[in-house]
């Protein structure tokens, strides 16, 4: 054990193990998670070479082998609960890339969400047994986030009671679905439904794409891998082109919308029910953002505790680089953000499951807010995490650029989250639509609930000159609840400003849609402010649920740092709204620096509490034992270029060149 890390852990004021229990939702859940993780971590069947030294084809083959082995092991161990399946997979799937993964993350959830009881009875058993390997084919070459623009067609033929699927243009080719290229034999395809000469919009269809047994594509199916990407080397993201490909009528998922044998269309209770899988995945991605940022912070903070560099005072020993205030300022706000997102992820998972029960009982009242919240928070957390991982990499100096740090892999694996399941700017604009509708409701005298209930107070919140001096005295920068109120007022102000700007644009634009485009920057800002408020509110609200006083004290400091750092980065909003004065902003900046000092001795234990095993962290710099330099040297020696003392290129190219000089 590195002596610096041992000393840092001993100096913490709280028990990291107890904080792990809080993050997991209880000590029993921690025990069970570790029990399941150890089943795979101690299994020799999952040992393999460092993926960094393998070709893409080799990486894909290993990922498929591991996936197949995992399925067998899960059957042997009787692991069937969705959360326990995730616990089992994550230690070996570094950064969560798995060719068969969409079978569990999208294919089965869509079947459960949109399939009838009969369809579930038919398709679930072979899918759970992995005779059916599924993917989710929504995105096309020419359209992604704009779902209504998707071009793939499914035309009903009442004579044969079949749907005829076509990719009518090159831009309609399905593009990007994970596992589609070489792994999957079935896909849930989203296509424009045509029956009796009418188009009824997007619907989901189960489409067999490869023959069972031979795995060859069926006639009418052209399918393959889209080629190398920025990351995700183990994943065979694919393309799918269909030419007059027929499937039975029963392959349309018909829990909500239906097509009768004669072609009669029965519409669903709500068109948004079709988007249930996306809402599920977006709520899941908030938790993944927390996990990825927590990993990056763990690596960067442990490295910063081990790395000694430069001098603070001439002649003194080289300090740990985490003793530099600038390094703390880079990393501790991100650490606070990682904890904030942990609580937001837990809230989103709980909220999705609660509202999904209501939806299955026909109660759609909370669906609009769930859709808006998952869209906005998916964008907010993934944008923040994406830039945060890169900040952690740069905080590790030159070594952060090496794959041995694990940070490049975390980054390239996470960064597509900003564009898949909805491009983030468009997601923010979807949230903005809900905010504008809620604002209009309040403006017309109705009350709104949920996370937008702060809009009910808008008439009394409109800042008048005499109120500006009175309001700031109410903000206590050492009180998370008071800071939550400040964020609430900021969100309300920016939502109202966007609504007024939209109304002003509508007066001299040709249509509401054009006015919307000319207000879109303001609308995105309003959505960001709303999401920022939600995160502060949820972080602050969880503090009172913590009984352990030392842990509560440390998390309170993290919550304060998260909120105050956010104010310092968006100071104009708080000044313009009359929420804070200039002198208070000076106090905010000073308090941020004080909090860095308070968090410094707790930092090792705070990242230990995330409880990442070295295998799942995949980093030499972030090793639990801190022995980074010895292992960095051993890692480098494994490079394929080092297999021979003299590389063959010397004899082929350099030696002949030198002989002619």
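Any Cβ shown, glycine's included, is placed from N, Cα and C.
Residue density at residue 421 (active site, proton acceptor): 27 other Cβ atoms are found within 10 A of its Cβ, drawing on all protein chains shown. Under DSSP, residue 421 (active site, proton acceptor) is assigned to coil, being neither helix nor strand in the three-state scheme. Summarising the annotation, Swiss-Prot assigns active site, proton acceptor to 421 and lists similarity to another entry as the type of evidence.
Cβ neighbour count for residue 139 (FAD binding site) (all protein chains, 10 Å cutoff from its Cβ): 20. Annotation note: residue 139 (FAD binding site) sits in a coil segment as assigned by DSSP. Taken from Swiss-Prot, the feature FAD binding site applies to 139, 178, supported by similarity to another entry.
Residue 89 (N6-succinyllysine) carries a helical DSSP state (H, G or I). The feature N6-succinyllysine is assigned by Swiss-Prot to 89 (among others).
Residues annotated as N6-succinyllysine in Swiss-Prot, with similarity to another entry given as evidence: 90 (among others). If you draw a 10 Å sphere around the CB of residue 90 (N6-succinyllysine), it holds 20 other CB atoms from the protein chains shown.
The annotation N6-succinyllysine is assigned in Swiss-Prot to 159 (among others). Counting only same-chain residues six or more apart in sequence, none has a Cβ lying under 8 angstroms from the Cβ of residue 159 (N6-succinyllysine).
Swiss-Prot lists 241 (among others) with the feature N6-succinyllysine, giving similarity to another entry as the kind of evidence. Annotation for residue 241 (N6-succinyllysine): spatial neighbours 167, 173, 174, 221, 222, 223, criterion Cβ-Cβ under 8 Å with sequence separation of six or more.
Summarising the annotation, Swiss-Prot assigns N6-acetyllysine to 255 (among others) and lists similarity to another entry as the type of evidence. The Cβ of residue 255 (N6-acetyllysine) has 113, 114, 115, 116, 119 as same-chain neighbours under 8 Å, each 6 or more residues away in sequence. Look at residue 255 (N6-acetyllysine): DSSP puts it in coil.
Feature annotation from Swiss-Prot assigns N6-acetyllysine to 272 (among others).
Residue 437 (N6-acetyllysine) falls within a helix when secondary structure is assigned with DSSP. Other C-beta atoms found within 10 angstroms of the C-beta of residue 437 (N6-acetyllysine) number 14, with every protein chain shown included. The N6-acetyllysine annotation in Swiss-Prot covers 437 (among others).
The N6-succinyllysine annotation in Swiss-Prot covers 437 (among others) and is backed by similarity to another entry.
As annotated by Swiss-Prot, N6-acetyllysine applies to 446 (among others), with the evidence given as similarity to another entry. The DSSP secondary structure for residue 446 (N6-acetyllysine) is coil.
Counting every protein chain shown, the Cβ of residue 637 (N6-acetyllysine) has 8 other Cβ atoms within 10 Å. Secondary structure at residue 637 (N6-acetyllysine), taken from DSSP and collapsed to helix, strand or coil, is helix. Summarising the annotation, Swiss-Prot assigns N6-acetyllysine to 637 (among others) and lists similarity to another entry as the type of evidence.
Residues or ranges marked as N6-succinyllysine by Swiss-Prot on the basis of similarity to another entry: 643 (among others). All protein chains shown were included, and the count of other CB atoms within 10 Å of the CB of residue 643 (N6-succinyllysine) stands at 8.
Per Swiss-Prot, the feature phosphoserine maps to 649; the stated evidence is similarity to another entry. In the shown protein chains, 10 other C-beta atoms lie within 10 A of the C-beta of residue 649 (phosphoserine).
Within 10 Å of residue 421 (active site, proton acceptor), counting C-alpha to C-alpha distances, fall the following of the recorded positions 90, 139, 178, 437, 446, 637: 139. Summary for the modified residues 89, 446: the Cβ-based neighbour count within 10 Å is maximal at 89. Per Cα geometry, 178 is the residue among the recorded positions 139, 178, 437, 637, 649 nearest to residue 89 (N6-succinyllysine). Here the C-alpha separation of residue 637 (N6-acetyllysine) and residue 643 (N6-succinyllysine) works out to 9 Å.
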